[in-house]
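As structure tokens, the structure follows; a few thoughts come after it.
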Amino acid sequence: MSAAATAYAPVHAASIADPETFWLDAAKALDWERAPSRAFDPQAGVYGRWFPDARLNACFNAVDRHVERGHGEQAAILYDSPVTGTKRRISFAELREEVATLAAVLAGFGVGRGDRVVIYMPMVPEALFGMLACARLGAIHSVVFGGFAANELALRIEDARPKAVLAASCGVEPTRVVPYKPLLDAALARSSYKPDACLVLQRPQAKAELVEGRDHDWEEAVAAAKAEGRRADPVAVAATDPLYILYTSGTTGKPKGVVRDTGGYCVALTWSMANLYDVKPGEVYFCASDIGWVVGHSYIVYAPLLHGCTTVLYEGKPVGTPDAGAFWRVASEYGVCTLFTAPTALRAIKKEDPRAEKLDGYDLSGFRALFLAGERADPDSVAWAEKALGKPVIDHWWQTETGWAIAGNPLGIERLPVKYGSTAVPMPGYDLHVLDEAGKPVPDGTMGTIALKLPLPPSCLPTLWGSDERMRASYLQTFAGYYDTSDAGIRDADGYVTVLGRTDDIINVAGHRLSTGGMEAVLAAHPDVAECAVIGIRDLVKGEAPCGFVVLKSGVTKEPGDIERELVARVRDEIGPVAAFKLALTVGRLPKTRSGKILRATMKAIADGQSYTMPPTIEDPTVLEEIGESLKTRGVGA
Ligand code: COA
Ligand code: AMP
């Protein structure tokens, strides 16, 4: 460990040597109905459970207690929507009112502790009310990102089996209105499981048709509950009760339902606000993600509110709404101290405003740090932002599975030197090791798979929804006694971690995690496709973009160009626009090993214009030339 890490090192060491004391101490920041007498039960669950005898309510901790302590008038949510031209300030007292009323509406649909509620909504305050209303009742929410299509929504509904669905009539993208309700209707038609009720927020940009008996108008239902004085109080639940399920791409087409338990999550997030982000209660925190992703769950909704901060809810893009100064406008208008976004957003801003001229005129005197996560932060963008902002730019590494950073630079404890390309050091409770294929630790500076010695710290997934077996098979079987992150990386002599990329078929497109296997399944289902491979190729703004190679069945007479267009449309329809699948290439053959394994890594190297060694087991090296040629015809590759 670097000599600079004098304050951080003992904190991390204490969390590993005596997790009981460390996390029981961190737990004091919350209000418990029954405080934990112990932090961890190693016998419970798949690898143990956090705070096994404690009880609390997440919504009470995020909302009510701030009102009870005299902060009712403080802004809880600052909604800023350049795409609709709307702004709204919601105080903690108003938030409590909205959430308690909506919870009463949900209770009226029969939603109670342990029931699931799917939320398919854009970045509007009502979506946050919905999440918190579920938490208030002890119900389990499952938010589905608006950029997913009906089929993906249907898969999640089938798996979560929600009692109710909360939806909005539409989302608003800079260039178009996206009607959500027809997608919900299509998903429900596909799903064999049907919820009892759907509560639909009618937005003026596109009104939805409501299905008699099943669908309810949000505004009317809430107004009726208010008129009747119906409000629901927070229900204390076991700390081990799930707060939410968040689906993420797995290596098959079936998404994984990551379960987040209530107590551990609230404890870890609250700890992170002070110690990682260095933010105090009452300050304004701006996380420019989407509530459909884990980063949005944790740092738009729960962490800032649990910590008594004001959260900015921004319905817009980093560029184009209206320009590359959007984030700086929001930061100065609301006195933001910390901004958290994805490197892809920074690259988009840098591309449009390379000299950072859009910063001119904005008062960022209260701004202290920019945090980046979701994909590797490229050194160029980090250096650009450091220069433009004159403030620390901190890369930190995350997964949906962990719910908070695995590694980062703990500004609240000690500002460690930034090393470009590295996500700095492990956060408390993460006993991080870099292993070779046989599970042996590799020397510092050597690449391997990053694995976390069990137990995982609070907030990390205790299991996958409905399947302890899939949890074990997906994460715990590669290396006995460890969680396999499926990220490859290096640790240096100072203990800094550099994450290099996934070891599985997951790709990262504009900070969105996508499975190439899922896209291959869509391509393979086309009647004219014999075989296919999807890889992530380098993209200057999005980091990676998917590219599909298809071999057509013999005897197909249709124009390849027509089939390619159909394939692009199919992925958009089946997975959603978020897949950003725009490039399908018809090729004569796919490069394979003699045992028939498709050489995806070599194809990616060719597409990215990188050098590669000819795989010794390749069946026919000339196929690689054909792949290179076909990429060149589309302007991709060296
Ligand atoms: N509802 C419906 N459609 C959506 C959507 C939503 N919530 N979010 C995105 N889409 C659509 C977009 O309109 C786009 O459609 P198009 O193919 O018709 O243009 C498509 O999905 C791809 O979206 P995206 O990858 O976001 O690309 P973009 O060109 O719209 O924007 C960036 C590019 C870089 C500005 C944007 O991706 C961004 O801000 N990324 C940050 C990501 C992030 O915060 N990730 C969370 C991890 S921290
Ligand atoms: P998600 O589950 O969508 O948050 O995606 C998690 C994956 O994104 C990780 O497994 C990494 O591959 C990648 N990732 C997230 N943050 C970083 C980062 N700071 N540096 C490198 N990769 C990252």
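Glycine too: its Cβ is placed from the backbone N, Cα and C atoms.
Remember, TrEMBL labels are computer predictions, not curated facts.
The structure displayed is predicted, hence computed values, not measured ones.
Pulled from TrEMBL, these are the features on record:
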DOMAIN    8-62  domain 'Acetyl-coenzyme A synthetase N-terminal'
DOMAIN    70-453  domain 'AMP-dependent synthetase/ligase'
DOMAIN    519-597  domain 'AMP-binding enzyme C-terminal'
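On the 0 to 100 pLDDT scale, the model's mean across the domain 'Acetyl-coenzyme A synthetase N-terminal' (8-62) is 98.
In terms of DSSP helix, strand and coil, the domain 'AMP-binding enzyme C-terminal' (519-597) has 24 helix, 27 strand, 28 coil. According to DSSP, the domain 'Acetyl-coenzyme A synthetase N-terminal' (8-62) comprises 26 helix, 7 strand, 22 coil.
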